[in-house]
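Before we start, here is the structure in question, set down as structure tokens.
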Amino acid sequence: WIMGHMVNAIAQIDEFVNLGANSIETDVSFDSSANPEYTYHGVPCDCGRTCTKWEHFNEFLKGLRKATTPGDSKYHEKLVLVVFDLKTGSLYDNQASDAGKKLAKSLLQNYWNNGNNGGRAYIVLSIPNLAHYKLITGFKEALTSEGHPELMDKVGYDFSGNDDIGDVANAYKKAGVTGHVWQSDGITNCLLRGLDRVRKAVANRDSSSGYINKVHYWTVDKRQSTRDALDAGVDGIMTNYPDVIADVLNESAYKAKFRIASYDDNPWETFKN
């Protein structure tokens, strides 16, 4: 999965997919009542990027729905996965469940079109704080009470705080999560970070007792760091330059081992060689 980083304006969806992304990451900020409010990152952000592009969250969802609904004039067949980077740092810990419920209702109405031929992309809820695990249970409760528990089939999870792998496993246990797990690891492109924890995550993914289904690394903008991440065995790379990742995937060393995921590749299934 080539994951376009910080896609917060509707116009950027086309831009990143046209550069080669089959997945996008979008920031979600919350108001003081735990309603998802804007797709907005803010300052500071990655080096070389404008930090302040934004939409109202529900409007972004409508644009995203068009981009992922077959038959729509804005449809992109290859856009198959969306990561919502949930900026829950502005919330109290006890608001996490509410944030999940409100997020689910927004998605149900504006993205999934109340279960009637909505957008088809798989969704990853990426949460920065392990203490906010109730966002997951709240999200699930809301979809169930709204009569659409089947949409949970399209939803996966990530804790993005670079926490100890064992602590992450524990948070999922508390949230009752037993699958659909992406594990992110990384740092802003302004700084360097080694691949030690990525290797631990990959080892967990590939062990019979692991909880991780997919591992992605962020934010990778250079060819050599792309090669290093692929050599470590990641499933996804988040980038400001999808074309760079696509170029490396075309190199003879990687062409035989990797390909760009399509809609038929289940993002919740661990890839077995």
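In case you wondered, yes, glycine gets a Cβ from its N, Cα and C as well.
Take a look at what Swiss-Prot says about it:
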| type | residues | note |
| --- | --- | --- |
| ACT_SITE | His5 | active site |
| ACT_SITE | His41 | active site, nucleophile |
| BINDING | Glu25, Asp27, Asp85 | Mg(2+) binding site |
| CARBOHYD | Asn250 | N-linked glycosylation site |
Between Asp85 (Mg(2+) binding site) and the residue listed as 'active site, nucleophile', what C-alpha distance do you get in Å?
9
Please report the number of other Cβ atoms within 10 Å of the Cβ of the residue listed as 'N-linked glycosylation site'.
10
If you compare CA-to-CA distances from Glu25 (Mg(2+) binding site) to each of the recorded positions His5, His41, Asn250, which comes out shortest?
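Closest recorded candidate to Glu25 (Mg(2+) binding site) by Cα: His5.
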Return the residues near Asp27 (Mg(2+) binding site) by Cβ distance under 8 Å, restricted to its own chain and a separation of at least 6 in sequence.
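Asp27 (Mg(2+) binding site) has long-range Cβ partners Met6, Asn8, Thr39, Tyr40, His41, Asp85, Lys87.
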In angstrom units, rounded to an integer, how far apart are the Cα atoms of Asn250 (N-linked glycosylation site) and the residue listed as 'active site'?
21
Within 8 Å of the Cβ centroid of the Mg(2+) site residues Glu25, Asp27, Asp85, which other residues of the same chain have their Cβ?
His5, Met6, Val7, Asn8, Thr26, Val28, His41, Val83, Phe84, Leu86, Lys87, Ser126
May I ask which residues of the same chain, at least 6 positions away in sequence, place their Cβ under 8 angstroms from the Cβ of His5 (active site)?
Glu25, Asp46, Arg49, Trp218, Thr219, Met238, Thr239, Asn240
